[in-house]
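> Attaching a single structure in structure tokens format; questions to follow.
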Amino acid sequence: MPLTGRQTLTQYLIEQRRRYPAASGNFNALILDVAMACKAIARAVGQGALAGVHGAQTGELGGNSINVQGETQQKLDVLANDYFLRINEWGGHLAGMASEELEAPYPIPAAYPRGSYLLVFDPLDGSSNIDVNLTVGSIFSILRAPSGDEELSEADFLQAGREQVAAGYALYGPSTMLVLSVGDGVDGFTLDKDLGEFMLTHPRMQVPPSTQEFAINASNSRFWEAPVKRFVDECLAGKSGPREKDFNMRWIASMVAEAHRILTRGGVFLYPRDSKDASKPGRLRLLYEANPIGFLIEQAGGRASTGYGPVLQEQPTQLHQRIGLVFGSRHEVERIERYHAEPQAPSEPNPLFCERSLFRV
Ligand code: AFP
């Protein structure tokens, strides 16, 4: 047993690697670099206004800086993205990176050796929580890079979620945590700030199969599809409705924090496909939000879906592609998929155009 009474992330990775005697150690070194980036971000988040990292980033022309998603970038979005790039580019483990904050993939600079993995990340998820001092996080996904010397292209990143080698997130809340899956369950580590080490505190995390808690941004309800409306209405009807039990609701506006709650005590999260903006079939991004969280949830025995089928089976077509996402306790996600699969009742006829109406056609 280690001296501290708990395993460090490094010790954990060494033990994992012993299962693959031929492994080079590059993968472990990559995870430790990602963990280092998360520690640097945790420090900046923890210092808050003292570090001068609150507020919107100023763009080159003086106004607010806007990212590829058309969203205002916060100073901390830019700093976190920079930490990810700088700390992960030099080690020789990566062939390239892609980030929510960058329009195109980031190839490894020629000064550094090229490795065999790709790193895809959302450096700071839940940006609207920064200035109000609420929980935010980082999400990452690790894929295999194509072998060969050809120049890296966007197509190399367009791999279905089931191809992920590892995925995880860091949570910057009352304590800093790193939650990780290398394809063999999900383990959670808490940062010991004095030692500067992530310590294994939440081994073998499991999503309970049933729940009475759901998370959805109800202000979008007029844009939801019928199966989602039905699911939420039934939850709201509580004991006297068809579900015959009361439900509780939570909304943190940081998916990584919702995922952590669900990995800890169960629940179901929905950011479904909706009709709010015809150019966006959902709010969340497939490659660096839905896929890594989906991988973790499935590794912990939960389910992650588009509402229509497993999200990890989706073949991406664009780096910044958006998608509807539902994940969490298996029984609820399966129920939502069932509602999507059932034939929809025809919508109510518009009374203005009925028999005996003013505008009969
Ligand atoms: P950012 O990627 O801009 O930080 O947004 C966070 C997020 O994509 C996700 O983490 C939340 O679930 C969702 O947005 C919250 O969005 P709204 O509450 O604004 O609908």
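Glycine residues also receive a Cβ, built from the backbone N, Cα and C atoms like all the rest.
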> Taking TrEMBL at its word that Asp122, Asp125 bind Mg(2+) 2, choose the one of Glu244, Glu258, Glu289 listed for that site.
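Within the candidate list, TrEMBL flags Glu289.
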> Which single residue out of Glu100, Glu150, Glu151 does TrEMBL record at the Mg(2+) 1 site shared with Asp122, Leu124?
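When TrEMBL describes the Mg(2+) 1 site, the candidate it includes is Glu100.
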> Who sits close to Leu124 (Mg(2+) 1 binding site): which same-chain residues at least 6 apart have their Cβ under 8 Å from its Cβ?
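Those within reach of Leu124 (Mg(2+) 1 binding site), by Cβ under 8 Å and sequence separation of 6 or more, are Ile41, Gln74, Leu76, Asp77, Ala80, Asn81, Ile130, Val136, Gly137, Ser138.
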> May I have the list of same-chain residues other than Glu100, Asp122, Leu124 whose Cβ is within 8 Å of the Cβ centroid of the recorded Mg(2+) 1 site, in sequence order?
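Along the chain, the qualifying residues are Asp77, Ala80, Asn81, Ser99, Glu101, Phe121, Pro123, Asp125, Ser127, Ser138, Ile139, Tyr288, Glu289.
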